[in-house]
Amino acid sequence: MHRPGATMACNVFKFCTALRGLGSVMILMVLAIVGVTYYAVVVNNYGPVLFAAGGFSSLTAFGVLVLFHGLLFMLLWSYFSVVFTDPGNVPPSWRPVVDEEVGESIPLASIDFNNPILTVHQSTLVSDLGDPRKRFCRKCNQFKPPRCHHCSVCGRCILKMDHHCVWVVNCVGALNYKFFLLFLFYTFLETMLVTLSLLPHFIAFFNDGEIPGTPGMLATTFLTFVLNLAFALSVLGFLIMHISLVIGNATTIEAYEKRTNQKWRYDLGWRRNFEQVFGLDKKCWLIPTYSNDDLRRIPALHGLEYPAKPDVDAQDW
């Protein structure tokens with residue numbers, strides 16, 4: 001008998017294969033958008049004003065260009081940190097000590113205990129209280145740490161997986177989530193700056209007066225304004241969503257898949273939740289890196305250990 005679910009799964013995996021094929025195309029698209037924006041802001045509009053106008057206009061152009069280049073540097077630094085930082089692999093030798101996520105575990109059949117990977121620490125699968133089920137990925141053939149999920153696009157398990165982002169051609173997980181948030185933050189600031197700085201030129205399109213520049217320059221300015229306004233609005237919504245997730249210490253997957261109960265065992269208060277993503281060192285909060293002290297004293301930054309509320313039972317979530 002034909003099963004609709006099987007067809008759906010097949011189509012999903014075909015879609016995942018197509019996402020893998022995007023590869024560097026998305027990176028080139030991001031760089032192309034940055035290039036068009038740079039040409040419109042620096043070359044077309046504010047660069048000439050800086051050296052020709054003088055007075056207040058030159059001072060305004062100088063301020064816009066300084067902010068533009070500073071935010072662009074931080075945006076690209078954060079972006080490529082997300083692209084080239086591994087989101088987090090499960091160490092081959094990792095084994096569960098306690099039952100971390102009963103709600104997501106897959107019952108093990110008797111044939112599973114013949115699997116050499118399972119029988120290495122078979123004794124840990126049985127406790128005095130019964131037979132707790134560990135989270136095991138049958139695709140990777142390995143145990144899954146807490147908050148770890150399998151990514152069908154990457155073809156592997158990702159520590160504290162949030163989602164697979166086509167714009168960065170990478171998964172967003174435990175080791176690069178902070179960099180992704182900073183990428184969103186600086187993208188919003190940069191696109192808002194571009195939108196506001198090009199707003200007078202955009203308004204001039206609809207006035208009767210003569211507008212300086214070639215048709216190509218005018219079209220580039222118009223396109224850049226529309227693109228940056230659209231990105232600013234969309235990124236703002238995305239940024240607000242992720243800020244709420246950081247405050248509640250949840251990932252996108254956890255928010256939509258498991259949080260049916262108000263009790264969430266990893267929610268330790270907004271301050272400690274924030275520190276698990278950005279660290280304790282304030283000097284590193286706004287740059288895509290961590291201090292050595294934070295990496296040493298915060299195990300959650302490595303994606304394998306997460307403190308939880310002792311009074312929340314596994315069945316509550």
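Glycine too: its Cβ is placed from the backbone N, Cα and C atoms.
Listed in TrEMBL:
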DOMAIN    133-258  domain 'Palmitoyltransferase DHHC'
TRANSMEM  21-41  transmembrane segment
TRANSMEM  61-85  transmembrane segment
TRANSMEM  179-206  transmembrane segment
TRANSMEM  218-240  transmembrane segment
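Of the candidate ranges 21-41, 179-206, 218-240, 179-206 has the most C-beta pairs within less than 8 angstroms of the transmembrane segment (61-85). Here the domain 'Palmitoyltransferase DHHC' (133-258) is broken down by DSSP into helix, strand and coil counts: 68 helix, 16 strand, 42 coil.
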